[in-house]
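Visitor: Pasting the relevant annotations from Swiss-Prot:
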- GLY118, THR119, ASN120, GLY121, LYS122, SER123, THR124: ATP binding site (BINDING)
Amino acid sequence: MAAPELKGTRVTVVGLAKSGVAAARLCAREGARVTVTDRRGEAALGGALAALPASVTRRLGGHDAADFTGADLVVASPGVPLANPEIQAARRRGVPVWGEVELAARFLGGLPIVGITGTNGKSTTTALTGALLARHRRTFVGGNLGTPLSELVLSGEPAAAAVVELSSFQLEGIERFRARVAAVLNVTPDHLDRYPDVDAYAAAKARLFATQEPDDVAVANARDPRALAMAGASRGDLHTFGFGAPVPASARDEGGEPGPGGTAIWYTPRGRAPERYQLHNRALRGRHNRENAMAAVLCARLMGVPGEAVQAGLDAFPGLHHRLELVAEGRGVEWVNDSKATNVDSTFVGLAAFPAGAPRVVLIMGGRGKKAPYAPLRPLFGGRVKALLTIGEDAPAIERELGDLAPTEPCGDLPGAVRRAAVLSGPGDVVLLSPACASYDQFASYEERGEAFRRLATEQAR
């Protein structure tokens, strides 16, 4: 795929989040006459504006239709729906509309790319796959995970491969972007404020496979019918992973949990003996993370990473911040930060990562609720939850729906909950922050909430 000739062309970049800024910088570097436009005003965009070259024209607080219909190219940030009236007007005029990923990919030539999508688990699987590949070759890791793909082009740094997390929003804007290995982890209803139904949401994700060639590889969760169907439409070779997934060329696990004793992942190459990879790493605890690890092992081996490098990468993977992250340990108590669990489904997965039996989890929940019931968590409380500590705006609802299942105390805020957790926990226990709520009632973001928990837990663990 030849790099586009942008010198002297009129490019409009819509949306000034990280990917929009990176796209604008790349187009300006290539000599385009760049206009950026965002409905937000200057006060809300200070940091983004400061990162733009002086040559870039800024259109803030709204859009001018002429910037779209008069452009040679429109680059839309992932947060901008392609149903936007100005974007539709540009398309009617024959103006190409790309996403930032599409723009960047056109400058990357034949760089082998692993593209990973799915409703849940994308970030962990992308980071783990990147860590495994990095033990074999110089690898860029980014996309929706944090660093826009355009930053790789701008950096000029050599890379032998890229592992890119791709959201449905990003995949809407691809035309020729091609993943050497394309993986879909799962598909469940999400972003239905942007898509009319789950079929439209799945169709956006399926675009990842539509651009593959016969010598590419499609990877799918064998137990997810939507994922399997979309990957099966690829012109590439289909490989599967999952619990009890069939051979040939599959990855599956043998049960158990990471930690002492551990579990293992089996990879079965076509025509060769199965390979066994030990999974001891507590950063990958939980059934969902075992599934993520299966996908990562499969992608890495299909990209030619040697088996010994895969095992070393699994052992060393530190996990991602705020996702079942062990942040402190002391007096025999583990303190686990799952602040990224901003909805009930995520807390369900987090709590299920701990074995049932004698109740050992002191659970901190609460924040700004999302008008979803907490009752789906009830089956997990028995044999797991030693005490429930509530914080934030939705504490009364949590107490009402779950408070009969374990000793429950309203604590008001996170510092109060952590102090109380230190009193209630003992050797062998886990203090788990898994809020099932957004953070905005008391924190600016789930990251800020997680960092606050890290500091407070570290103090208590001393």
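Glycine is treated like the rest: Cβ placed from N, Cα and C.
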Visitor: So, three-state DSSP: helix, strand or coil for GLY121 (ATP binding site)?
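Guide: SS state of GLY121 (ATP binding site) = coil.
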Visitor: GLY118, GLY121: which of these binding-site residues has the highest Cβ count within 10 Å of its own Cβ?
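Guide: Per the Cβ count within 10 Å, the most buried is GLY118.
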Visitor: With every protein chain in view, how many other Cβ atoms are within 10 Å of the Cβ of THR124 (ATP binding site)?
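Guide: I count 28 other Cβ atoms within 10 Å of it.
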Visitor: Within 10 Å of its Cβ, which one of these binding-site residues (THR119, ASN120, SER123) has the largest number of other Cβ atoms?
Guide: THR119
Visitor: Could you name the residues, excluding GLY118, THR119, ASN120, GLY121, LYS122, SER123, THR124, of the same chain that surround the ATP site, i.e. Cβ within 8 Å of the Cβ centre of those residues, in sequence order?
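Guide: Other same-chain residues near the ATP site: ILE116, THR125, LEU185, ASN186, ASN292.
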